[in-house]
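**Student:** Here it is, the structure, as structure tokens.
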């Protein structure tokens with residue numbers, strides 16, 4: 001019986017006939033398994049409560065099913081609460097379940113508790129297997145603690161467990177995000193000593209790492225090595241390298257890569273062409289975007305809404321805002337369903353400093369047709385910005401809208417666009433209120449990293465205006481920590497990446513812009529040239545600087 005509804009009806013009937021049916025833990029486990037497959041979290045909780053009320057002791061398998069259901073239903077916190085409750089009742093768990101719980105703690109952002117559980121189990125002579133080590137490495141990776149992953153590798157060596165490619169990918173990716181490029185490359189080379197060959201994912205991680213630090217030459221060296229050693233190349237690796245060329249501004253090399261793909265019979269997919277279209281759109285090359293779309297007509301999987309979004313972006317970058325409502329109407333007339341990227345792009349257009357007030361209202365009318373609530377919030381901001389009023393209410397309403405009506409991947413970009421909208425209206429207070437509300441709601445996971453050895457602000461995914469707001473708020477929080485006498489870490493870092501500006505009107509990169517802001521503050525942050533995209537100060541120097549400018553911050 002595979003249908004959970006039918007199975008539940010039968011289970012309820014059997015449970016009511018105690019005279020002929022004995023309901024055991026085995027029956028509950030089977031029912032919980034079907035509810036898990038149907039992603040029925042609430043009903044699973046009901047069954048678990050029934051088991052305890054009926055004094056049918058859940059076993060390790062019961063909770064294993066329950067944990068996997070919580071992952072499918074995104075209910076990590078609830079599963080953690082049940083874990084504590086069942087452990088107190090005497091349920092015995094095995095290593096697989098403990099690994100799953102460590103993973104849940106990590107996904108819930110409770111890294112310290114995840115590590116406490118790991119250390120407790122090690123003291124109780126628990127011997128993690130390869131899968132368990134992989135789970136623990138992922139927890140450390142989420143918070144960027146590469147040193148802890150390196151310690152895990154030593155633990156594995158002592159336990160005579162050989163790391164696999166997936167574990168190396170986790171470590172190399174974490175090192176890359178932390179800017180430890182040389183160490184990451186060293187770990188990549190070390191794979192050979194274990195008899196491991198890098199996967200397509202490994203190669204993509206390495207190329208992407210070099211892209212983010214502005215080392216296109218190194219990314220291309222990896223590509224040459226791949227061809228020399230005859231490692232497997234797929235569209236993912238090509239797309240990552242293509243993205244590297246694009247972000248480094250080498251459009252000619254990107255175009256030649258597509259030709260090489262076709263020669264190698266690695267046919268470009270819609271993402272390949274989408275990357276190149278995005279380049280043309282960013283440069284305001286409307287005709288080239290149109291021409292590229294003609295090539296995509298043979299790829300039925302390419303979403304037409306994405307084409308129109310690119311076309312609007314190209315018009316924005318070219319400063320041709322009057323064209324935008326017409327493109328939007330053309331898309332609707334052609335029966336394309338409007339996605340959230342289109343909504344965000346329209347808000348981004350309305351947030352440009354080059355658009356006239358009249359055209360801005362025309363673009364907002366397009367927003368109204370697809371997101372009435374968003375249009376209402378933006379219209380209110382137009383009025384409130386002139387009054388420079390208290391923005392806490394509108395900020396919380398904006399965040400509530402994003403959480404309720406916008407899917408998770410689009411929430412941060414949409415919030416960024418609204419922040420830019422506030423800034424172009426001249427209301428930095430509104431922008432900072434919305435950013436603060438977004439951070440509190442979890443929209444900016446990864447914006448702040450707080451480790452014993454490092455405090456970091458990651459501005460990679462923010463616009464110039466959003467980055468400046470985030471930087472101001474972060475420095476104020478550091479100043480508060482300095483004033484309270486808190487101990488500072490060894491290093492304090494601002495990460496910007498090395499990509500060029502996305503605004504056609506800006507010839508500088510985000511890194512150059514943030515560097516200028518930090519220099520204007522007479523801060524001790526110095527740019528790290530190799531790899532680039534980072535500004536670093538010692539904790540001691542940052543604390544002394546913050547204390548010296550305390551009167552300035554109060555004003």
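Placed from the backbone N, Cα and C atoms, the Cβ positions cover glycine too.
Curation does not apply to TrEMBL; its annotations are automatic.
Below are the features listed in TrEMBL for this protein:
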- 24-58: repeat 'PPR' (REPEAT)
- 94-128: repeat 'PPR' (REPEAT)
- 129-163: repeat 'PPR' (REPEAT)
- 164-198: repeat 'PPR' (REPEAT)
- 199-233: repeat 'PPR' (REPEAT)
- 234-268: repeat 'PPR' (REPEAT)
- 269-303: repeat 'PPR' (REPEAT)
**Student:** Determine how many residues of the repeat 'PPR' (129-163) DSSP places in helix, in strand and in coil.
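**Tutor:** Residue counts for the repeat 'PPR' (129-163) by secondary structure: 26 helix, 0 strand, 9 coil.
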**Student:** Along the repeat 'PPR' (164-198), what average pLDDT does this model show?
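**Tutor:** When the pLDDT values over the repeat 'PPR' (164-198) are averaged, the result is 91.
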**Student:** Residue list, the repeat 'PPR' (234-268) vs rest of chain: Cβ under 8 Å, 6 or more residues beyond ends.
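**Tutor:** For the repeat 'PPR' (234-268), the far contacts come to 200-201, 203-204, 207-208, 210-211, 214, 216, 219-220, 223, 226, 275-276, 278-279, 498-500.
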**Student:** Should anything in the same chain at least six residues away from the repeat 'PPR' (129-163) have a Cβ under 8 Å from its Cβ atoms, list it; otherwise answer none.
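**Tutor:** The answer is 95-96, 98-100, 102-103, 105-107, 111, 114-115, 118, 170-171, 173-175, 177-178, 180, 183, 194, 449, 451, 453, 456.
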